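J.: I have a structure I would like to understand better, so I am pasting it below and will then ask my questions one at a time.
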Amino acid sequence: MPAERRSIRGRSAVGRFPSVTLGFGEDTEEEKEEPKENNVKKRNACQEWLRKVCPCCCPKHDDVTDTEVTGNPYIHFLLKVKSIDLLKSKSGANRTDFEMWITLSRPFNPTSDELHLDLKTGPLAVVAKGTHVIIPLVAKLEGDRWEAAVVKQEDKKIKLLVNSPPTAVIGRYQLTVETNNQNGSASSTHDPANDIYILFNPWCQDDIVYMDSEDERQEYILNDTGRIYYGTKDQIGARTWNYGQFNDGILAVCLFVMEKSGTSPSGWGDPINVVRIISAMVNSPDDQGVLEGNWSGDYSNGTSPTVWSGSVEILKEYHKKNGTPVKYGQCWVFAGVVTTVLRCLGVPTRTVTNFSSAHDTDVSLTTDVYLDENLEPIEYLNVDSIWNFHVWNDCWMAREDLPPGNGGWQAVDATPQETSQGTYCCGPASLAAVRYGQVFLKHDTSFVFAEVNSDKIYWQKNADGTFSQIYSEKKIVGVSISTKAVGSDERSDITHLYKHPEGSDEERIAVETACSYGSKAKAYSSPTAEDVSLEVTLDGEGPKMGKDAELMITLKNSSSQQRSVSLHSQVSVMYYTGVHKATVRTDTTDIEVLPNEEKILEWTLEYKDYKDKLMDQAALMLTVSGRVKETQQILATQFSFRLRTPDLIIKPLGKAVVGEKMSVEISFTNPLPQVLKAVVFHVEGLGLLTARKINYGDIGSHATVSLTEQFIPTLSGTRKLLASLDCKQLTQVHGVSDITVEEKSNASL
């Protein structure tokens, strides 16, 4: 069923809770004279609400029709409900108002008959907890409360206009109508087709999730596709994701996820609480949530995380298996599903990628690297890590539980990393609080701060077993924080929302403020003077899969004297989370740098050295450390890079028309000098075709292949067709094509 909410409260203040949403069904030619209760076709509630919602959702309704029945021969008979019509057509009145027609056994007499609506949600509906709502008839609608009024009467039919308060609990409500007069009481039979869905409403100024920009509402609520970014800060990749929050059955799945949490529906009127529930329920370690995470590289018992290209298949599988976690997910999959669920429930949400994302394990708010006396990493102590990228979500809401200024975007992370109040969830953390280092504000602000703005501190072991701070890097964590731009497929850099410019006084103050609440508050002392700098860079878009990787190491001596530097380098294959998998190669070299000289060293990693050791994201890390002989200055840096994979090329063949078969050609060139074994293609597109798996077989070294797929479009407009390729030798290969689907012409009908 479609749904729409309506509030008649004043539009001057931003409220905390949603107003009511209704279900709408298929279009009808016109309002029926005698609506039939059972002649109701179900539709996706959230879909129709979001398609029909009106920005002007809060006008007052003061002109209520008072109906007086005179000369009614049936006035003393028991009043029974014959049918209920919720006006579900796409063009019906419930696009902007919560109205319904009720057909009774005889004409309604307001002087002797009583009538009220009864709404119940949850397993144990209680009036005091807002899960059992009794809506009385009133003479005049006032707003800010549950109420209904008769606005029209036609013989045995009455038309009601219903208002709801902005404190309503979200969820699916069972509707019945109760009547009473001197001859007794009667109640309508519950019909699931007349269930009412209440969702958060970002169009309503009194809702905590209210968003005043229509362009942003279109993007963060109504857009059912998006872009998710991955890779490294120097090589940002992007893939299209089908959120599919309007797909048939997804609203029911989202509420099923809420129910599986075991939380009381009485708390579902607060989006802060709902967001924390979804953050916990999208992962599975402690609550049998939607997705099981897997970073091992072995996905033989499920689906590789890189294969997924949308949320619908995942959510429907979870629902179909009655709450058994779907295998497998990693950060971008968790985040994609969170976007789907929260948009479906009416919370403005976007998917966000943080490059060089730190994982602080000891609440120090620093990322710590421990080295032994010889400057070799002490692996068992190095539990903090910096992920090449990490994907989470921002959701929009007011935060009246925090000091003023902390409303707006809130970070939410469903990837199970650390527990929050005993549960694997994270957020909502105010981006404003993160930016200013106010890590004492809830929820999980310290963890998010460390992800985007912690300093990387190197510690060396002393002879007595203690550690001394020898070096720190202040600008490597939290780079190019990215999300899809509003209204386009371009990347929008939102780093400035998470932190002040790197190195500015404001940024340093925020870091010191945050770390004063951490477990290593004494780590900040006067900086060590240094006259030699070390930097690793790459040219252009970086190395390609199947080719040698070439980087540049730059040493700059800003002193007036020669410097001798002993450099140690180690290149490792990494999980994208920053966890070390295997060392590929180590090198040691001595370099002489003349006064005021900038020396560039070319560093090359041959394909034969890495080809059998890569993980899903083709991620590598070069660690360079050294010591300046004359000054004992320590140099250290780590540089993450990935090997770029080719795109799938998708070419539509012929015209795309609703209801008519069409074809697309998908082509791919193997970039590797080896055969790709057991290649599998996955194709899907909202309004084009459901997820389809194609077992292709082997693809030869450097071979170009193509395949043709046929399907019948079901929705008009510009649709996105997504495809991905997966095999043991090569992952993260995908493509997207915009296909403009025309409506079927009348001549062909």
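Yeah, the Cβs are placed from backbone N, Cα and C, and that goes for glycine too.
Nobody curates TrEMBL annotations by hand; they come from automatic prediction.
Feature annotation from TrEMBL assigns region 'Disordered' to 1-41. What TrEMBL lists as domain 'Transglutaminase-like' is 323-416. The active site annotation in TrEMBL covers Cys331, His390, Asp413. Summarising the annotation, TrEMBL assigns Ca(2+) binding site to Asn453, Asp455, Glu502, Glu507.
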J.: Let me know the most crowded of the recorded positions, choosing from Asp413, Asp455, Glu502, Glu507 and counting other Cβ atoms within 10 Å.
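T.: Answer returned by the neighbour count: Asp413.
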J.: Nearest to Asn453 (Ca(2+) binding site) by Cα distance: which of the active-site residues Cys331, His390, Asp413 is it?
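T.: Sorting the active-site residues by distance from Asn453 (Ca(2+) binding site), the top entry is His390.
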J.: In terms of Cα spacing, which of the recorded positions Cys331, Asp455, Glu502, Glu507 are within 10 angstroms of His390 (active site)?
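T.: Within 10 Å of His390 (active site): Cys331.
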J.: Could you round the CA separation between Glu507 (Ca(2+) binding site) and Asp413 (active site) to a whole angstrom and send it over?
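T.: About 23 Å separates the two Cα atoms.
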J.: For the C-alpha pair, I'd like the distance in angstrom between Glu502 (Ca(2+) binding site) and Cys331 (active site), rounded off.
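T.: Rounded to the nearest whole number, the Cα-Cα distance is 26 Å.
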J.: Residues near the Ca(2+) site, Asn453, Asp455, Glu502, Glu507 excluded, by Cβ within 8 Å of the Cβ center?
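T.: Other same-chain residues near the Ca(2+) site: Ser454, Lys474, Lys475, Val477, Gly478, Lys499, His500, Gly503, Arg508, Ala510, Val511.
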J.: Tell me the Cα distance separating Asp413 (active site) from Cys331 (active site), rounded to the nearest angstrom.
T.: 9
